[in-house]
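> Take a look at this one; I'll ask things after.
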Amino acid sequence: MIPSSKPNSRVELRFRCHHLKNLDIVSKSDPQIFISEKRGPGGFQFVDCTEKIKNNLSPEFKKTITLDYYFEEIQTLTFTVMDIDKEITLFGDLDKNDKIGEFTTSLSNILSRPGRKIVADLIHHSKVTGKIEISAEEICQTNHHIFLSAEGIGLDKKDLFSSDPYYKIYKTNPNGEQLLVFQSIVIKSNVNPLWPELHMELEKFNGGDMFRELLIEVYDYDSIGAHDLIGITRTTTDAILRGVIEYPLINPKKTSKSGYKNSGILKFYKVRLEKTHTFLEFLAGGCEISLMTAIDCTGSNGSVNSFSGLHYNDLEKGGSAYARSIASVGSVLSSYDSDGFIDVFGFGGEYQGRTSHCFPFSLDPNVPSAFGVAGVLEMYNRNISKIPFSGPTNFASVIQEAIARASESRLPYQQKYTVLLIITDGEICDMDETIKCLVQASNLPLSVVIVGVGLSSFENMNLLDGDNGCLVDYKGNRAKRDIVQFVPFNKYSGNINALAQETLKEIPGQLLSYFKSIGVPPNPPRTFIPVDILPPPPQ
């Protein structure tokens, strides 16, 4: 699968600074903020800049910066505040001597803060040189879906006794071009057809323009040759929503005939708009995303001390494939979890003298979690050599553990979503039980991400990834939604950022599908609680 290039949202950043260090002698500094983003091995690249504000040490900038937001990426941003005495044309032309200070953080860190606002120190030469205040706002698209049902009344009979009608809806471009946005099914032998409900994103329906002209054509379907036009009509989304629901269908070829009125009526009913909530709205309302990690400790991984072993701590590569997977996925998700604790389990190894398919990786039943990604990696590196490897490779127990934890937070006002990261080297041996657990889990606020390390074919893993259809367990129960994403580590081992992108790209959609399925909207946005911003002490 190719990593998604479609952003989850577009966000707008606004800036203020407070109590900047003055670099000018006669007057005050002329601050301007330059934004750069870390992009791959090439390091930071310039994105955009604010305007320059003259003679002001606590400026509020008018120009906003718009960025695409990707949940699955760590979008590291650096905000550099410069004292600009002369106009520059290139980012590289900046004089380092004119730097007031800079601040580096991730876009996710800003977006997950209460009020989507952060106030931080500007640092230069290890000294605080002022404060920067960054506010983020999602650029609102329509975020709505349109629903409508259509009915034909008294349509012309194009066949011997009846017609086989269907309809098309086109939106009209400013240049007059008609773009097809919807085509209904064919209703056989019926001049008073009732078509199934139309449901689609408002942007796709009318481009977000409620007054854009819509052309509607009704045809009689013919299995051989061209379909026969019954009639056309024109309207707008606004008119339909205001209750103009019956439209005469006109056939241009018949308008010159004496006594011609129309070729039937097209009627719309049950027309409504429904707001589509965004991933960022759930974040703003305090929805937490917690990470649970399960590490494969089966014998097929090889010896921890062998260079060919998958748990071998290869320092030249940044650790084992397991450690790199944890660092890649965990570093993205950790920004969205307020308490910072990550549950860590092992499976397929010996625990307390017998093979266990779900045991605390700390080896202490009273300590199921570690703090932050660094804590998980420390626990992993400390204990992996202490665990006797065994087998087989069973997933059901760790999924059941995740189900139990996801079931703890199902109150609407305590919105929490769990991501279970399973890192494994082999094929599943309890496929039926695993599918049964995943079908059960599809009703819960839970996603399962599987990273396959090593050289196995992972055929069963691809079956679990519901991209090719819903999972069905051995009892015939169908998964309510797709919650599994499988990624082979070797495909992205040379690019850890790409691994995180591919691994996590479906999480926002899966979270939204869960809360939509239970009819729960985002909580109201949390309020940013301001703190007194005091000038730095005299140096």
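Including glycine, each Cβ sits where the backbone N, Cα and C put it.
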> Suppose a student reads Swiss-Prot and sees LEU23, ASP24, ASP83, ASP85 listed for Ca(2+) 2. Which of ASP68, ASP98 should they find annotated at that same site?
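Among the candidates, Swiss-Prot records only ASP98 at this Ca(2+) 2 site.
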> Would you count the other C-beta atoms found within 10 angstroms of the C-beta of ASP30 (Ca(2+) 1 binding site) for me?
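Result for ASP30 (Ca(2+) 1 binding site): 19 neighbouring Cβ atoms inside 10 Å.
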> Measuring CB to CB from ASP24 (Ca(2+) 2 binding site), give everything in the same chain under 8 Å that is also at least six residues away in sequence.
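Sequence-distant Cβ neighbours: ASP30, ASP83, ASP85.
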> Show, in sequence order, which residues other than LEU23, ASP24, ASP83, ASP85, ASP98 on the same chain lie with their Cβ within 8 Å of the centre of the Cβ atoms of the Ca(2+) 2 site.
SER29, ASP30, MET82, ILE84, ILE100
> Quick one: which residues besides ASP24, ASP30, ASP83, ASP85 have a Cβ within 8 Å of the Ca(2+) 1 site's Cβ centroid, in sequence order?
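Surrounding the site, in chain order, are LEU23, SER27, LYS28, SER29, PRO31, ILE84, ASP98.
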> Can you tell me the mean pLDDT for the domain 'C2 2' (128-251)?
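Overall, the domain 'C2 2' (128-251) comes to a mean pLDDT of 91.
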> Check ASP83 (Ca(2+) 2 binding site) against DSSP and tell me helix, strand or coil, would you?
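Its secondary structure by DSSP: strand.
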